[in-house]
Amino acid sequence: MELQVLVRTFQSCSTIREGRQLHVAFLKTGILNYSVAVANRLLQLYTRCGFLRDASHLFDEMPNTNPFSWNTLVQAHLNSGHTQSALHLFNAMPHKTHFSWNMVVSSFAKSGHLRLAHSLFNAMPSKNHLVWNSIIHSYSRHGHPGEALLLFKSMNSDPAQIMYRDAFVLATVLGACAELLALNCGKQVHARVFVDGLGLELDRVLCSSLINLYGKCGDLDGAARVMSSVREVDEFSLSALIIGYANAGRMREARKVFDSKVDPCVVLWNSIISGYVSNGEETEAVNLFSAMLRNGVRGDVSTVANVLSAGSGLLVVELVRQMHAYGCKAGTTHDVVVASALLDAYSKCQSPCEACKLFTELKAYDTILLNTMITVYSNCGRIEDAKWIFNTMPTKTLISWNSILVGLTQNACPSEALDVFCQMNKLDLQTDKFSFASVISACGSKSSLELGEQVFGKAITIGLESDEIISTSLVDFYCKCGFVKIGRKVFDGMVKTDEVSWNTMLMGYAANGYGNEALTLFSEMRYCGVRPSAITFTGVLSACDHCGLVEEGRYLFHTMKHNYYIDPGIEHYSCMVDLFARAGCFEEAMDLMEQMPFQADANMWLSVLRGCIAHGNKIIGKTAAEQIIQLDPENAGAYIQLSNILASSGDWEGSALVRELMRDKHVQKIPGCSWADC
């Protein structure tokens, strides 16, 4: 059988079964022993069909091989992900060609085995422009822009490669410069474009890369000059310029670029919507999304994620729900980026139940999404679920560790938070200001003064002593330990303060009974131009409550609603009800509870009951006790107080009935204990 006929026979093979039949026939006739070309064709058939074991057996049987045989088998191992086998075969090759070197180096570089690729690259006897381009691009694509630039400089020093510099490698290097914000280096590459005769009008990718470079580095005039030098600007270049203007806060120019396009694609819509979101103009971002839908442009993953960010910023849960529905119709909700944005949006809009429900429906997760879910579960008090996610995560980042630290601290688990921090130290993990702030707060919750100061000492060793977040946590720590004056000294020494630090000091005063000092600090806060928030008023009303400052509390509650337009929450009403009840102002307390937009809870009625006992108001006290029993049937104290009120009023029969009801419901009185026994 002639060789040409055999080649045509192989080309007509459509199944591996036919190939194996030919293999058997060739073995019987002995053709494989003298024709390397036929053996190579059969080897190629096996590898192309994915039968690597058959290919390896055939290769071992071949009496003669050539570079094509070796390259075919090495390539097959590389394509199958058998890195070590491919490397072993390559090292055993008797004659390595340019193709062999390029194939192995490029394959390892593309798959992310950069160290191995680089060592092979250095061992190459000679390098052509293809392998240079491949390894430079791979370093840039895998998050190593600095190494990509160093390689490009080495390539420039090789005279043999200058004539081979093309638009592809220059665009890659420009992208690396943009990532590093290396404007001067990028300008040198830009100059090289003209030196090498690569006119911008010849390559749109290069044009987009240049605009992206100048935009990211803040040289928007340079970006505009590049655009003006091009006859026809593509949409990716326009997108790069829009993003550049948005990053610089120049949304008017960004919008002008966007409006210059008659029929913008989804990429341009995403760029301008994202720009408005990042500049705090969420309403305009939502309006643009509506305009995009009216123009018949279908949104993608980036669109949904951007509009969800706008919903988070506006705290409009209905918008988040609408985007959730839109994402379901568009088939984007199972994308991890969209899912993470949805979870974050529901959490920020105070809808943790919807976030938890969505999480149970997801099939794919990444570390970012799981980090978000740790925070969601922690914020809604499901700390056991948060711990389960953390403990089962396949990969943990510093954000993962910080998220569980914050969650444990928020959910009154200071000992566990300290254990996590100790575990981080044992594993020699990086710790940052958020780690230290959480642990210092945990020490405050345990009133562990010595341990908290030791942790702060460690923060000092890495230069965080003046950090605003650390200082705020230190104020909280000292106040929780009862050292309010030291906390105030730390607060006064802060270089920069914000609403959080002011609120922390306010809450410290309130918790320790420094009512007048809290009111003075509140006045200082407003004088310094810091706008009070709902948390601020929780602190200052709590201070009034603890110190019996009724008139001041009335005034502040009125100011909160009518001067700052903050709708009181249940915590604000609770402070006022407790304040009125302590002062014996029961009518005001009851009126306020009736005016509330939500039902009074057992704790609020308990405040009224305590006030009634202190002031001897048996009528309202009886009502309060009955309400507590209805809302919290296991509350032994309410039964006892109601029984005592009835007994002191002479209603001995009623008192006995309450005690009997308590026994029937198996409500146990909690025995008293001494601190000495704890």
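Every residue gets a Cβ built from N, Cα and C, even glycine.
TrEMBL entries are annotated by machine, without manual review.
As recorded in TrEMBL, the features of this protein are as follows:
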- 66-100: repeat 'PPR' (REPEAT)
- 128-162: repeat 'PPR' (REPEAT)
- 265-299: repeat 'PPR' (REPEAT)
- 366-400: repeat 'PPR' (REPEAT)
- 498-532: repeat 'PPR' (REPEAT)
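Counting only same-chain residues 6+ beyond the ends of the repeat 'PPR' (366-400), those with a CB under 8 A from a CB of the stretch are 336, 339-340, 343-344, 346-347, 352-353, 355-356, 359, 406-408, 410-411, 413, 416, 429-432, 435.
In the predicted model, the repeat 'PPR' (498-532) has a mean pLDDT of 91. According to DSSP, the secondary structure content of the repeat 'PPR' (498-532) in residues is 26 helix, 0 strand, 9 coil. The repeat 'PPR' (265-299): residue composition by secondary structure is 26 helix, 0 strand, 9 coil, according to DSSP.
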